[in-house]
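**Student:** Dumping what Swiss-Prot says about this protein:
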type	residues	note
BINDING	Pro25, Leu26, Thr27, Ala58, Gln99, Arg217, Gly301, Gly322, Arg323	FMN binding site
BINDING	His165, Gly166, Ala167, His168	substrate binding site
Amino acid sequence: MDPVPLFNPCEMGRFTFSHRIVLAPLTRARSYGNLPQSHAILYYSQRATKGGLLISEATGVSSDAPCTNTPGIWTKEQVEAWKPVVDAVHAKGGIFFCQIWHVGRASDLEQEPISSTDKPVEKNEDMDFPVPRRLAVEEIPDVINHFRIAARNAIDAGFDGVEVHGAHGFLLEQFMKDGVNDRADEYGGSLQNRCRFALEVIDAVSTEVGPDRVGFRISPYISYYGCHDSDPDALGVYMARELDRRGVLYCSAVEPEMVAATTVVDGETTTTTMSRRMMIPHRLHGMREAFRRGMFMVGGGYDRDAGNMAVASGYADMVVFGRLFLANPDLPRRFQLDAPLNKYDRATFYTHDPVVGYTDYPFLDDDREAMSDHTG
C-alpha cells in the first residue's frame with residue numbers, strides 16, 4: 001500500500017502525533033444546563049486514537065459566554081464533569097484540547113449580550129437575535145480574565161491544552177472584522193486595533209498555561225452571523241504572523257466557503273458550484289507562510305484526497321475534519337484503509353438526543369468493543 005501523507009507522524013513541542021487527522025470542535029448541543037454529560041464520555045472516546053488530536057466542542061468561559069446546551073468550564077462542577085471525558089480520551093492514547101469561547105452578540109440566552117458593537121445580528125428564519133451592548137474598554141480586561149481562568153480550569157480538568165475560538169462570528173471575531181466592529185477607540189478602526197482584543201486573550205492564556213499548550217482558530221473568509229471583513233487576506237496574514245511571534249502551538253484556519261461560478265456560453269448562463277480549492281487555490285497560503293514556528297492546520301470541506309494533498313504539498317501540517325469525523329468515529333482507520341464512509345445525518349447535528357446522531361454511527365467492522373467500557 002502506498003504511503004498515506006495523513007499518517008506521517010510528527011512532533012511539536014511536548015506532543016507526538018501519530019497521524020494528522022484532527023477532530024474539529026463540533027457544537028452538538030447535548031450539554032444540558034451547560035454541563036458536560038456522561039454521554040460525552042462515549043462520544044469522544046469513540047473518536048480517540050493513540051497519538052490523535054481531538055478538539056472539544058466550544059466551551060464557555062463565563063455564564064454569559066455559551067449558547068444553550070453547550071458546555072462551560074467556569075465552575076468547579078463543570079471542571080469535575082469534564083474530567084471523566086478527558087480521562088476516557090487519554091485512556092485511548094488521545095491528545096485532547098478544549099476549545100474556549102464567548103459567543104458575544106450571537107447569543108441565544110435571555111440576558112443582554114456583549115459585542116464590539118451595539119448592532120445585532122440580522123434576523124434570520126431560525127432566530128431573532130437580541131440587541132447587544134457595546135463592551136466598554138474598561139470591561140475588556142474582565143473578559144480576558146475569564147478566558148485565562150477557563151484555560152487554567154481546562155488544564156485542571158486534564159485537557160492537554162486549549163484552543164481559543166476566534167472564528168465563525170463569535171465575540172473575538174466580532175472585534176477582528178470591520179464588517180461588525182464600528183468602534184472608535186483602541187479596539188477599533190485599524191487592523192491592529194481590531195485584533196488587539198484577541199491577541200490580549202492569547203497573551204493571557206499563554207501566560208497562564210504556556211504557549212505550547214495554546215492554539216487559535218480563525219476564519220477570515222467566513223461571514224457567519226454577519227461577521228465579514230473587507231480585507232480577509234490582510235486579517236489572516238496579520239493574525240498568523242502575530243500568533244507565530246508568540247510561539248503558540250498551532251493556528252487552525254478555515255477555508256473559504258464554496259462559491260458559485262457563473263459562465264455564459266452562446267448567450268446561455270450556467271451556474272456551477274465548485275470546490276473552494278478549485279476556485280481559489282491555496283487561499284490560505286499567505287497565512288501558512290506567516291505561521292511557521294508551530295503547526296498550521298486547515299479545515300472546511302476536506303476529504304481524504306484533499307487532506308493528503310494538503311499535507312504532501314506542505315500547505316498544511318494537519319487537517320481538521322468535522323462532519324466526516326462526526327459520522328465516522330473510526331475516521332483515521334477508514335482513511336488509512338481507504339474504506340467507505342458513513343453518511344452524516346444533518347438533521348441530528350444539533351438535536352439533544354444523547355444517542356441518535358451522536359454515538360450510534362457504526363464502526364467499519366461494527367466493532368463496539370471500544371464503546372463497551374464507556375457506557376456512562
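Backbone N, Cα and C atoms are what each Cβ position is placed from, and that goes for glycine too.
On this model, are these features tucked inside or out on the surface, and what's nearby?
**Tutor:** Secondary structure from DSSP puts Thr27 (FMN binding site) in coil.
Look at His168 (substrate binding site): DSSP puts it in coil.
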**Student:** From the Cα of Thr27 (FMN binding site) across to the Cα of Ala167 (substrate binding site), what is the distance in angstrom?
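**Tutor:** Distance (Cα to Cα, whole Å): 13 Å.
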**Student:** Residues with Cβ closer than 8 Å to the Cβ of Arg323 (FMN binding site), same chain and 6+ apart in sequence?
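**Tutor:** When sequence neighbours closer than 6 are ignored, Arg323 (FMN binding site) has Tyr344 within Cβ distance under 8 Å.
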**Student:** Which residue among the binding-site residues Thr27, Gln99 has the fewest other Cβ atoms within 10 Å of its Cβ, if you could check?
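**Tutor:** Sparsest of the binding-site residues Thr27, Gln99 by Cβ contacts within 10 Å: Thr27.
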**Student:** Please name the residue among the binding-site residues His165, His168 whose C-beta has the most neighbouring C-beta atoms within 10 angstroms.
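**Tutor:** Neighbour-count leader: His165.
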**Student:** How many other Cβ atoms are found within 10 Å of the Cβ atom of Gly301 (FMN binding site), counting all protein chains shown?
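**Tutor:** Around Gly301 (FMN binding site), other Cβ atoms within 10 Å: 17.
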**Student:** Give me the CA-CA distance between His165 (substrate binding site) and Gln99 (FMN binding site), in Å, as a whole number.
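**Tutor:** Cα to Cα, His165 (substrate binding site) and Gln99 (FMN binding site) are separated by 6 Å.
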**Student:** Counting only residues 6+ away in sequence within the same chain, which have a CB under 8 Å from the CB of Pro25 (FMN binding site)?
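**Tutor:** Once residues fewer than 6 apart are set aside, Pro25 (FMN binding site) is near Ile55, Ser56, Glu57, Ala58, Gln99, Glu163, His165, Arg217.
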